[in-house]
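**Student:** Here it is, the structure, as structure tokens.
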């Protein structure tokens, strides 16, 4: 028997892009190798053969894998540096005021925390980052988590809010670094896009609510509320909306008019930019509308003395808040217990957002992206950043795309941006003394509007496609965020996503195959027969159809890993098929099939790539139960994986199959072993066809089958 008879025929697999000699088919590789059956070569020797590479990466390969800068530094040149420098200048022009807005208007911490988040983390990412165009820094949603977490402590004396930032950022960094070392990169597949959209939508609304307090000039009233009123308006975002409604008559009109005018100018410039880009005027993307509004309002504030009109200005940026402190030690240890949840939330959402950005950039520029390496990089930058009081910093798709369009070649563009911001922070921050604080809130409002732009489109898309689970995930997340807290929105959204994953895993793809009188073949009992294709669901359908009219034979197809999740489902569905003839009938229905109707059960295990211990135990119980009832059990197309074969043997499932074969031989004289041998010997069958032939032989020997019809049904040889 040739190897092509054992393995399904495959099309040629391109192993190289330009070398046609590498275009080798699996069939040819197998046919040119040592014949498996003639030499009874086991799977172990197969894996040790010459055509399977066991090459180990060298030390330099491992270093360049975990420190990607090692791979591009030797070829770095002045042309690359010029592109990175231009990109760094473009980013610094709008990221610097944006990070200050995140710090003061959202996180409620000194602006230096936002600036440090754009200095230290990008420098560290230059070494550990694997996505050349990725720019890390503070994010609006994560800054909001920080602000919500530390808000209860802002009115307590003797507490430095920078210490609280250190705690949250260090927890985020340690969590991500641990996940990366443990290779938990697969977690980004658990969190659905609808969860992220719901969270982003909730964050956008919360940002608009929070910034409205400053934009209306009500921040002083809000900060000086008595304890009873503070407990009423400080708990949830919707309560802050109640505060705005309650104190709206006390709006500071000069501040409100300035904010309204600035917001309209920002939105107008952004609309014009979008129009220009749609007309292929791509250079419009480099217009720094945030920097333009910030500089104009600062100059006007200085020239017309807006401070005398009651409009609050930024004043001196106190660099004394810049501090170096080791996390997880000293006086800040007492804050870890109440703030660990906020740090973990930042880690999960930041990783998910960064992964979304990295995968988008990877697909755009054909880059190999490793989630595990990104976890290590994100964990490292936040651990180091926490030592300097930086806000949690993660990758953002918007600024990273602008970085790529600006000509960035490597992660050195982030280093250039960080160096420029450091120079401005140290030497030129005094020029922003007259910057109106409300302008920072206006910038946050524009970010909030941008977060909400795509929400209606996503809702309509899922509604049109009947994606009710996605819509439920979206609304659960956004409602919990608005009416309770951001952490609650994250927790409920993640829990519901996990429930969906577990439920989907529990609804296995195990197929109960029954005989169809209309098609004269075995079909999936879960699907209506009119929807079945005319060909068999099994491989070698033409050969199987000759034996498909064997009465009392049940075929169980397991095309997926058998685990503790779906093995119980297999047992329950087998029971229903025996009782009712279909797994879809309600279990309260009276029995519809006779107990003795099923005499043979064939398990088609092609595709069962894994078998855990719990599933092996349940499989043993199933086989043992059938054996005790006198039902013949056969296994066909058992995977050749060493782990699966060993588990079938150690769980005594193979021993039960041997005992069943011996019992059949003793009772009927039929020789089940007359078919082709499996590469690991009986009692496994290479194909379902051979198992059906064995069933036919048993029927003939025991008198259950008409001999003439049996002989006439055999295909010609």
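Cβ coordinates are placed from backbone N, Cα and C, and glycine is handled just like the others.
Heads up, TrEMBL stuff is auto-annotated, nobody curated it.
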**Student:** TrEMBL tags one of 255-272, 309-326, 453-470, 507-524 as transmembrane segment - which one?
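**Tutor:** Based on what TrEMBL states, transmembrane segment spans 255-272.
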**Student:** Give the range, chosen from 135-154, 215-234, 235-254, 335-354, that TrEMBL lists as transmembrane segment.
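**Tutor:** That would be 335-354, the stretch labelled transmembrane segment in TrEMBL.
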**Student:** If you check TrEMBL, which stretch out of 51-72, 73-94, 161-182, 535-556 is marked transmembrane segment?
**Tutor:** 161-182
**Student:** Looking at the candidate ranges 14-33, 194-213, report the one that TrEMBL labels transmembrane segment.
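**Tutor:** It is 194-213 that TrEMBL annotates as transmembrane segment.
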**Student:** Compute the average pLDDT of the predicted model within the domain 'STAS' (551-695).
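**Tutor:** Here the predicted model's pLDDT, averaged over the domain 'STAS' (551-695), is 80.
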**Student:** For the domain 'STAS' (551-695), give the DSSP counts of helix residues, strand residues and coil residues.
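**Tutor:** Residue counts for the domain 'STAS' (551-695) by secondary structure: 72 helix, 19 strand, 54 coil.
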**Student:** Can you tell me which recorded stretch out of 106-128, 194-213, 410-428 has the most Cβ pairs within less than 8 Å of the transmembrane segment (335-354)?
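**Tutor:** Per the Cβ under 8 Å count, 194-213.
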**Student:** With Cβ distances under 8 Å as the criterion, find the stretch in 106-128, 161-182, 375-398, 410-428, 433-452 that has the most pairs with the transmembrane segment (194-213).
**Tutor:** 433-452
**Student:** With the transmembrane segment (375-398) as the reference, find which of 161-182, 284-303, 433-452, 472-499 contributes the most Cβ pairs under 8 Å.
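**Tutor:** Against the transmembrane segment (375-398), the leading stretch is 161-182.
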**Student:** Which stretch from 161-182, 255-272, 433-452 shares the most C-beta pairs under 8 Å with the transmembrane segment (106-128)?
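**Tutor:** The stretch with the most contacts is 161-182.
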